[in-house]
């Protein structure tokens, strides 16, 4: 079957000749025509469509102006020039390739098969035979009437009570320290620091006046058991400052 591509479609259509234009090429199937006559200016898209509907060794007679660009389009679509505007479509050559069958027994990466035998499972709950000469343990020997109590480390060898003392030694030592300080004050003892009157910031850790505000020489204080109170306008124990040292006058 032949195809004539032209703008003028007034000619009669026969069974062996079809007259159409470039816009109608999409309606044709592949490998439809043996010969195509074309007198229109074709583009690369038109050359691709002409190559698709032309049979192998089919002939294209191009009646338009032939230039280098048209020739390049047609050659890119698989047609070669025969001169005088005639182009022939190349036959696609196919060659059968025989691929040898691969021997998978010696292929790379295959490992030798090693048959693995499963070991006999050990029965951990197997009944023990008591008829033998096996020694048994008397359960009565495991019992002990005595209760094991962890012995608390003694602090008798330490000079002072522990920081987290729970035996009462810490409270007893604090009470003894307070009694000793009060006894020293009542016996007209002299404090070596000489800064009790300045306030808590300048007093010792065991100073009996801790907690009291700063006082001046001649102010009256009253000592009642473990506490020291600041009193005014009462005749009681008197504190005096002599040579930078504090004395309790009883």
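Using the three backbone atoms N, Cα and C, a Cβ is placed for every residue, glycine included.
Per Swiss-Prot, the features are:
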type	residues	note
BINDING	155, 162, 165, 167	[2Fe-2S] cluster binding site
BINDING	193, 196, 204, 207	[4Fe-4S] cluster binding site
REGION	1-102	region 'N-terminal SAM-like domain'
REGION	102-149	region 'Linker'
REGION	155-167	region 'Fe-S binding site A'
REGION	193-207	region 'Fe-S binding site B'
MOTIF	193-196	motif 'Cx2C motif 1'
MOTIF	204-207	motif 'Cx2C motif 2'
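Taken residue by residue, the motif 'Cx2C motif 2' (204-207) breaks down under DSSP into 0 helix, 0 strand, 4 coil. Nearest in space to residue 204 ([4Fe-4S] cluster binding site), taking C-alpha to C-alpha distance over the binding-site residues 155, 162, 165, 167, is 162. All protein chains considered, the CB of residue 165 ([2Fe-2S] cluster binding site) has 14 other CB atoms within 10 Å. Comparing Cα positions, residue 196 ([4Fe-4S] cluster binding site) lies closest to 165 out of the binding-site residues 155, 165, 167. Other than 155, 162, 165, 167, the residues of this chain whose Cβ falls within 8 Å of the Cβ centroid of the [2Fe-2S] cluster site are, in sequence order, 158, 161, 164, 166, 169, 170.
Along the motif 'Cx2C motif 1' (193-196), the predicted structure has mean pLDDT 70. Burial estimate for the binding-site residues (155, 162, 204, 207): highest at 207, by number of other CB atoms within 10 Å. Residue 196 ([4Fe-4S] cluster binding site) is surrounded by 23 other CB atoms, counting those within 10 A of its CB over all protein chains shown.
Summarising the environment of residue 167 ([2Fe-2S] cluster binding site), the number of other Cβ atoms within 10 Å of its Cβ, over all protein chains shown, is 13. Across the region 'N-terminal SAM-like domain' (1-102), DSSP classifies residues as 25 helix, 32 strand, 45 coil. Here the Cα atom of residue 165 ([2Fe-2S] cluster binding site) is found 23 Å from that of residue 207 ([4Fe-4S] cluster binding site).
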